[in-house]
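Q: Positions annotated as topological domain 'Extracellular' by Swiss-Prot: 1-28, 91-107, 171-192, 267-275. Taken from Swiss-Prot, the feature N-linked glycosylation site applies to 4, 10, supported by sequence analysis. Positions annotated as transmembrane segment by Swiss-Prot: 29-49, 70-90, 108-128, 150-170, 193-213, 246-266, 276-287. The topological domain 'Cytoplasmic' annotation in Swiss-Prot covers 50-69, 129-149, 214-245 and rests on sequence analysis. Marked as disulfide bond by Swiss-Prot: 105-182.
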């Protein structure tokens, strides 16, 4: 009997979700198919790319270093969202609503948040690692030994867990029919939303920007032969690795900046600003 009551409650919540705004039920079939296609393509690329990265590092002894440890951690963070949340999002798209229960919704939202915040924290850790390797060569080995790297990796995921756990107590992980997924609600708590955007996006972006700017300055100085102190640290392979991670950072920042800026704007005045955000803009920033 309790299971039947729970099922009825879940179905009712789905029905209410469809009626909210211009929810999933009001969306043309071709739009749903396009979004589903984008999600499937993204999932396949995520799995293939990140699994190849992990296998390459594990199989090649030369790639097993402190810098690549954070790259593997980043790949793992990306895979979190593919293993559970994305299949449920695809299921919600094809069924015009969320059919699984509330627990599945919470788990999906938790893993999606862990993936996003874990990614930004790992990208930050990679930038700091590259900065220390290239600009602070004398202290690099002291910080990034085997034990130090393990401690820093653990710290990245502990901070990620600390960042996500408040969502469970605040009840801010809810189903959003605009994006067919259980995600962080930007209107649950204005103060918490501002804190999330500031601490988990703007601050890491500032740290990464500082690190890469310092590296760029040093690279330009070396190329212009202003200094030769760090030339051994700027081998072509290391420069390519730096450029690759810099591109990853730029793409991540560009992709996630719109959603975070929308959240910041909504948090300032949820009742007034929230309804002004067009569904298409929110969906585009999310996907």
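Indices start at 1 and increase along the chain as displayed.
Every residue, even glycine, has its Cβ placed from backbone N, Cα and C.
The shown structure was predicted, so the numbers you read here are calculated from the model rather than taken from an experiment.
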Q: Among the recorded stretches 29-49, 70-90, 108-128, 193-213, 246-266, which has the greatest number of Cβ pairs closer than 8 Å to the transmembrane segment (150-170)?
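A: It is 108-128, which has the most Cβ pairs under 8 Å.
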Q: Against the transmembrane segment (29-49), which of these stretches has the most C-beta pairs under 8 Å: 70-90, 108-128, 193-213, 246-266?
A: 70-90
Q: Could you tell me which of these disulfide-bonded residues, 105, 182, has the fewest other Cβ atoms within 10 Å of its Cβ?
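A: Result for the disulfide-bonded residues 105, 182: minimum number of other Cβ atoms within 10 Å at 105.
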Q: Could you check what DSSP calls residue 182 (disulfide bond) once collapsed to helix, strand or coil?
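A: The three-state answer is strand.
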Q: At a C-beta cut-off of under 8 Å, are there same-chain residues at least 6 beyond the topological domain 'Cytoplasmic' (129-149) that contact it? List them, or none.
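A: Cβ under 8 Å, 6 or more out: 66-67, 69-70, 211-212, 214-215, 218-219, 230, 233-234, 238, 241-242, 245.
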Q: Looking only at residues six or more beyond either end of the topological domain 'Cytoplasmic' (50-69), which have a C-beta under 8 A from one in the stretch?
A: 75-76, 78-79, 126, 129-130, 133, 144-145, 148-149, 153, 241
